[in-house]
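Listed features, source TrEMBL:
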type: DOMAIN; residues: 552-810; note: domain 'G-protein coupled receptors family 3 profile'
type: SIGNAL; residues: 1-24; note: signal peptide
type: TRANSMEM; residues: 552-578; note: transmembrane segment
type: TRANSMEM; residues: 590-609; note: transmembrane segment
type: TRANSMEM; residues: 621-646; note: transmembrane segment
type: TRANSMEM; residues: 666-685; note: transmembrane segment
type: TRANSMEM; residues: 717-734; note: transmembrane segment
type: TRANSMEM; residues: 746-768; note: transmembrane segment
type: TRANSMEM; residues: 774-794; note: transmembrane segment
Amino acid sequence: PAAVTMGPFLASLCLLGSVLHTAAQCDLSTSEFTRQGDYLMGGLFDLYHVGSPIPHHRPEAIDCTSQSFLLPNYRRFQLMRFSMEEINNSSDLLPGVSLGYEIFDICSDLQSFPGVLKQISVNGSVRPWAGSSASQSKVVGVVGPFSSTQALTVAPLFMVDFISMVSYGASSSVFSSNENFPSFLRTVHPNKEVINVIIRILQHFNWRWAAFLNSDNDFGIDGRNLFIQGIKDTDICLAYTENLNMLTDFTQTFQQINLQKINVIIVFAPKMFVEALINSAIKLNISDKVWIADDGWSLNKNLPKKEGIRRIGTVIGVSQPVVTIPAFDDFIFSSKSQKQCEEREEQPFCNQACKCGYLSAEEITSADPTFSFPVYSAVYAITHALHKVLQCGAGSCNRSVTVHPHMVLAELKKSNFTLLNTTIRFNEYGDPKFGSYSIVFWNDKGFPEEVGFFHYFPATKFYINGTKIQWFQNGEVPTSLCSTECLEGYIKKLNGIHKCCFTCEVCPMGTFVNSTADPYSCLPCEKHQWSTAGSTSCLPRTVEWVPFTDPAAVVILAGACLLVALTAAMCVLFAVNYNTPVVRSAGGPMCFLILGCLSLCSISVFFYFERPTEAFCILRFMPSLLFYAVCLACFAVRSFQIVIIFKIAAKFPRVHSWWMKYHGQWLVISMTFVLQAVVIVIGFSSNPPLPYTRFVSYPDKIILGCDVNLNMASTSSFLLLLLCILCFTFSYMGKDLPKNYNEAKAITFCLLLLILTWIIFATAFMLYHGKYIHTLNALAVLSSAYCFLLWYFLPKCYIIIFQPHKNTQKYFQGLIQDYTKTISQ
């Protein structure tokens, strides 16, 4: 349906163009724009350019010669003519076949339809999809146009009948679409690849804060969108962007750039916008900037020689390599030597005119050579396709073949030929699979100097020789950063919307920053790792425990062995003197039980050292809890017995009788042992003490220890505390008993030492959490045993050995008699 409605519209436009052609004026022979031949190739070149929008109500052609003349474009126009002459003068590509051309000046983006309609017309009319005869257009292919906007305007007209259109300058990414532009190809790389090179330049010099100024057309807007997309996953930020046109207020533009301290300016725009921008920069004394040029103006011939250009800073550009076209200069000099204008009765068709007779051959050949090879390769690509369609070879072509546009297009897409040592091929989107980019610098001699390159084929390769670039900052590479890069170990805290603007904060202890993966977060270390403040990685923690070889461990273990030896010696001494008053007053047979339990308590000390295991943890607590409870029970009943003998027996004879009859002391000791054993067995069975790793005490260490169930430990400890209280109470009641029978004083003193020992340990446990806390625990257990051994049993041993006269029955009876007299008084 769209084709049906488009046909009359196109036909009417063609008719309009035919009417308008008589109004056009020309100063040159039409031979510059047309040449007869067996097959015609179309050409669309903007020799003139409409500088400002012209109000229009109809798509009628304007007089291009009244607009601004573009010398580089005229050079490309002549390059197409030269290519056609070179092909016709050769017998290799189209032997026996002449190739003509029809070129139009497409000076306006929106008012160039008549020339385009003339190219696609057949016998003066346009009838798309009207049959095989109608599909034989006048041209086999079209070279051009140059700009993306021009191509977008006229390309749909050529796409209707699949007329091959090979552009030498339209680089907008929209053309890489086979659905919308099935017969569009180009010999210039799309904007995406130019932008990619620009981004690589920014990354090479670590420029992260840049402005992007682009023309307000399809070319510039496409470049800006690609730049924004290309820097998405990089450290580059787009600080400022603006669409440029001939009405742009450059003063305000540069004020914004200076206000944001932007030192790198990317300019992605055609020549006329760039010249206006650079002239304004010179006039406004804009200085010390880095300017990055796209391939459209990086090889500009006039700007590098302009007065004051050095003040604005350093200009680096991405350009197409300058390829010398053999014999082209000779062609220009030969053409200019001929008569330039001939009077004819017939006037040329619209926009086939040029007021360029004043140009010398030197001016043309010295113009900006950019896009020369794309024009040259575009002409040869269409010619090679026609060569395939006509089945040319062996000095002749098959002229009986009816050439349809789609046939040329099919062969064009399969292009694979060598031109000036370059293999010409296209990918599936019609983009070139050949070529590279040069990186140039505008030197102080006034011309672009190559300082690097970017190769696409056969492999990607990027290189810049920065030593060749003359920087404006005393030879040093200028910087362009919103914020200075953070030091190692610092994270970036964003200020505003730009990731390049931030403050730096140091990562605290126990965290680190991975600048490559995430420069904005402090990552916590693993449990088994640690780090100091401002770290970029974590270190393994040192796992600590006290080995048997530790000096403190050796001393404590020696003390435990000494305690066992002393208890054994005391047992022997007490056994030899078993029937003496001192041994009996100390407890008699109970002494051996106490000494044995003290020895068994010391077994726990040996399991506080080396790497803790489950068995070590159980044996660390069980012997001390169980056998020390028996010791305290023995001293409690011993204190109670003394009180009974001297104070309760007379007042409560029945209690004394029951106690003696049923051996109350042994009953209490047995019950204590059984109760403590049951509590320990139940607690250790349900939740035994297990090895644990303490991470919180020290950031750089892991302390190994044993985790104790609080319920079990509190129950056992409560029983010990209760025994201490009873023992202390009974011993305090007997503090005034006879001297040699006053065991209560010794027990009270031992208990005070015991309580003081564990208070000291509890204080140390709360304040210190290092590996030696277990050594202190072992020392507390050993000290608890020594309290009774030294202050209860050792004095008895001293009397037995060194004061035997006090270890007699007579001496003890005397003490009891003195105590009785004292009580009776």
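In case you wondered, yes, glycine gets a Cβ from its N, Cα and C as well.
Any TrEMBL annotation is an automated prediction that lacks curation.
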- Message: Same chain only, please: residues at least 6 beyond the ends of the transmembrane segment (666-685) with a C-beta under 8 Å from a C-beta of the stretch. Say none if there are none.
- Response: 590, 593, 618, 622, 625-626, 629-630, 632-634, 636-637, 709, 711-713, 715-716, 719, 723
- Query: Cβ under 8 Å to the transmembrane segment (774-794), counting only same-chain residues 6 or more beyond its ends: which ones?
  - Reply: 545-546, 550, 552-553, 556, 559-560, 563, 566-567, 570, 586, 591, 594-595, 598, 601-602, 604-605, 608-609, 624, 628, 631, 635, 705, 743, 746-747, 749-750, 753-754, 757-758, 760-761, 764-765, 768
- Query: In the same chain, which residue numbers or ranges, 6 or more beyond the ends of the transmembrane segment (621-646), come under 8 angstroms Cβ to Cβ?
  - Reply: 587, 590, 593-594, 597-598, 600-601, 603-604, 655-656, 659, 664-665, 668-669, 672-673, 676-677, 680, 684, 689, 706, 708, 713, 716-717, 719-720, 723-724, 726-727, 730-731, 733-734, 737, 741, 743-744, 747, 750-751, 781, 784-785, 788, 792, 819
- The predicted model's mean pLDDT over the domain 'G-protein coupled receptors family 3 profile' (552-810) is 86
